[in-house]
Amino acid sequence: MSLTMRIFTASRNGQRLFGSHGARLLAAQRAEPKDIVEVPKGYVYVNNKELSMEFADITDRAASTMFFGELLRGFAVTLAHIFKEPATINYPFEKGPLSPRFRGEHALRRYPSGEERCIACKLCEAICPAQAITIEAEERADGSRRTTRYDIDMTKCIYCGFCQEACPVDAIVEGPNFEFSTETHEELLYNKEKLLCNGDKWESEIASNLQADHLYR
């Protein structure tokens, strides 16, 4: 019997080759389909089909490859977060920390003596981009000016903080309260009494926030 080996299959990447006597050889060089010496009857070379270079076939292969890769990446992200501590909190029973620069519900502040801080300069009214602030003022007997009307339409306010930045005496501020939803539109039309009440309620937190942020103001 001839010792000539009959190569049944050959890999493009030069993997294992099988002979008629069952010997297994490791190809050192790349084997192309044209290198096959003889294909016995009953055997079919299954890797002989060339990849189609049509645009539709190329896009299909690329989409399949990317989809499979993104699918594995998504699974990896999911598995990585399964064992991590949840980032959510049980609101409203739990609340996250707020920055000292947080811009919430508006308030008018007083001095420790109880005197209103606002000097009716109307800078906040002038700078408000939403035109949500309306101020009326009059002069007192001692020559100082104080507001007789200070209204804020909270439905117009965009919480930009310009009013607080423009105020020279830190009278109008945006406090730490963000839970002030209402059932009617009228409840969001704040007058001077409402704003002063907010200031009295949140004065301690407002003062500490202003102190914590004083280097950046």
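Note that Cβ sites are derived from N, Cα and C of the backbone, with glycine treated the same way.
Record features, source Swiss-Prot:
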- C118, C121, C124, C128: [4Fe-4S] cluster 1 binding site (BINDING)
- C157, C160, C163, C167: [4Fe-4S] cluster 2 binding site (BINDING)
- 109-138: domain '4Fe-4S ferredoxin-type 1' (DOMAIN)
- 148-177: domain '4Fe-4S ferredoxin-type 2' (DOMAIN)
- 1-26: transit peptide (TRANSIT)
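A map of Swiss-Prot features onto the structure.
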residue	record	Cβ within 10 Å
C118	[4Fe-4S] cluster 1 binding site	25
C121	[4Fe-4S] cluster 1 binding site	17
C124	[4Fe-4S] cluster 1 binding site	22
C128	[4Fe-4S] cluster 1 binding site	20
C157	[4Fe-4S] cluster 2 binding site	20
C160	[4Fe-4S] cluster 2 binding site	14
C163	[4Fe-4S] cluster 2 binding site	23
C167	[4Fe-4S] cluster 2 binding site	20
C167 ([4Fe-4S] cluster 2 binding site) to C124 ([4Fe-4S] cluster 1 binding site) - Cα separation in whole Å: 6
Distance [Cα-Cα, Å, rounded] between C160 ([4Fe-4S] cluster 2 binding site) and C128 ([4Fe-4S] cluster 1 binding site): 9
Same-chain residues at least 6 beyond the ends of the domain '4Fe-4S ferredoxin-type 2' (148-177) whose Cβ lies under 8 Å from its Cβ atoms: 98, 102-109, 116-119, 121, 123-124, 126-138, 185, 188-192, 195, 198-199, 202, 205-206, 209-210, 217
Env. residues of [4Fe-4S] cluster 2 site, Cβ within 8 Å of mean position of C157, C160, C163, C167 Cβ: H106, C124, I127, C128, A132, I133, Y159, G161, F162, Q164, E165, A166, I172, E174
Cβ-centroid neighbours of [4Fe-4S] cluster 1 site C118, C121, C124, C128, 8 Å, sequence order: A120, K122, L123, E125, A126, I127, I133, I135, C163, A166, C167, A171, I172
Residue distribution over DSSP helix, strand and coil in the domain '4Fe-4S ferredoxin-type 2' (148-177): 5 helix, 9 strand, 16 coil
Cα-Cα distance linking C124 ([4Fe-4S] cluster 1 binding site) and C163 ([4Fe-4S] cluster 2 binding site), given in Å to the nearest integer: 4
